[in-house]
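Features reported for this protein in Swiss-Prot:
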type	residues	note
ACT_SITE	153	active site, nucleophile
ACT_SITE	318	active site
ACT_SITE	351	active site
BINDING	223, 352	substrate binding site
DOMAIN	47-357	domain 'AB hydrolase-1'
SITE	320	site 'Important for acyl-CoA specificity'
């Protein structure tokens with residue numbers, strides 16, 4: 001279902017003066033959120049869908065910028081007229097979360113108390129903090145309840161958190177390629193990535209902005225590690241195998257295999273535009289996410305607070321958040337008599353499958369959204 005792109009779009013900025021008290025104990029006295037919208041909010045304001053981004057995502061979900069036609073939104077293939085998130089029917093909202101590096105208040109923003117970039121002094125943010133900030137944006141837009149809150153990976157965790165924190169404001173939650181909490185292995189991956197950044201000599205305790213430098217080497221390594229976990233072994237084998245860039249071994253430590261070249265390219269590209277402090281914050285938000293902790297680890301008790309209908313989707317080759325993790329959420333919801341649709345989709349792209357255009361996958365989302373009553 002190719003549909004159409006939403007075309008040229010423009011980001012918007014919302015400023016909030018009301019202090020936001022964070023789970024970490026920190027306080028943001030004021031903050032900005034950058035966001036984009038697609039489609040038209042109906043008179044009843046009942047057709048709004050919030051799209052939450054994953055670790056490296058942002059507000060630019062769909063379309064392109066007039067002066068940057070190649071800057072396509074990260075989920076453009078699913079948003080637009082005739083696509084699952086049909087902008088002829090729905091009003092789509094995407095934003096850059098607090099702590100981000102794409103315009104919303106984050107570590108690279110000026111700390112009003114010092115007049116310098118926040119850097120490492122920016123308070124740790126949790127998924128629930130994002131949800132509260134997003135709720136204030138909904139208030140600003142006049143949206144009392146979302147037709148749906150959705151996202152993949154860390155975005156799916158935000159959708160899950162919305163359904164628990166503001167059950168009366170979410171009619172449907174679409175949780176894709178997510179988990180109710182991170183496994184020890186996932187926490188370990190995140191810690192290694194953070195150590196790559198923290199031990200970079202150019203990190204300067206998180207205040208590298210003042211030194212006119214960036215911990216590029218550490219961020220590059222962190223992204224290379226993360227990227228491996230986003231792909232499936234089968235996909236990497238099919239795409240790269242053991243192919244060499246040249247016809248013979250060089251017997252050195254330079255790039256020889258095509259997979260090495262790919263990972264270094266991805267690391268360099270990411271380190272060129274992303275902020276290391278934001279990467280640290282996002283990975284900690286992932287580590288801390290565990291709504292069931294409020295109920296002594298009982299996810300069924302936690303999900304009893306929800307009221308929404310749910311679509312839970314997982315991918316067969318996602319070894320970072322396996323289908324078994326999604327089924328934990330499904331089981332907890334069914335134990336509470338919730339209306340749950342579950343899809344286990346056979347795609348070969350590993351964790352990144354949620355970003356891909358696939359007829360079956362998009363058909364599942366489209367069929368679910370078609371049944372939403374506005």
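A Cβ is built for glycine as well, from the same backbone N, Cα and C atoms used for every other residue.
What Swiss-Prot annotates, mapped onto the structure for a quick look.
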residue: 153; record: active site, nucleophile; Cβ contacts under 8 Å, 6 or more apart: 54, 55, 176, 177, 178, 321, 351, 354
residue: 223; record: substrate binding site; Cβ contacts under 8 Å, 6 or more apart: 193, 266, 267, 270, 271, 274
residue: 318; record: active site; Cβ contacts under 8 Å, 6 or more apart: 177, 232, 350, 351, 353
residue: 320; record: site 'Important for acyl-CoA specificity'; Cβ contacts under 8 Å, 6 or more apart: 186, 189, 229, 230, 350, 351
residue: 352; record: substrate binding site; Cβ contacts under 8 Å, 6 or more apart: 230, 231
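Other Cβ atoms within 10 Å of the Cβ of residue 351 (active site), summed over all protein chains shown, number 22. In three-state terms derived from DSSP, residue 223 (substrate binding site) belongs to a helical segment.
DSSP assigns residue 352 (substrate binding site) to a helical segment in the three-state reduction.
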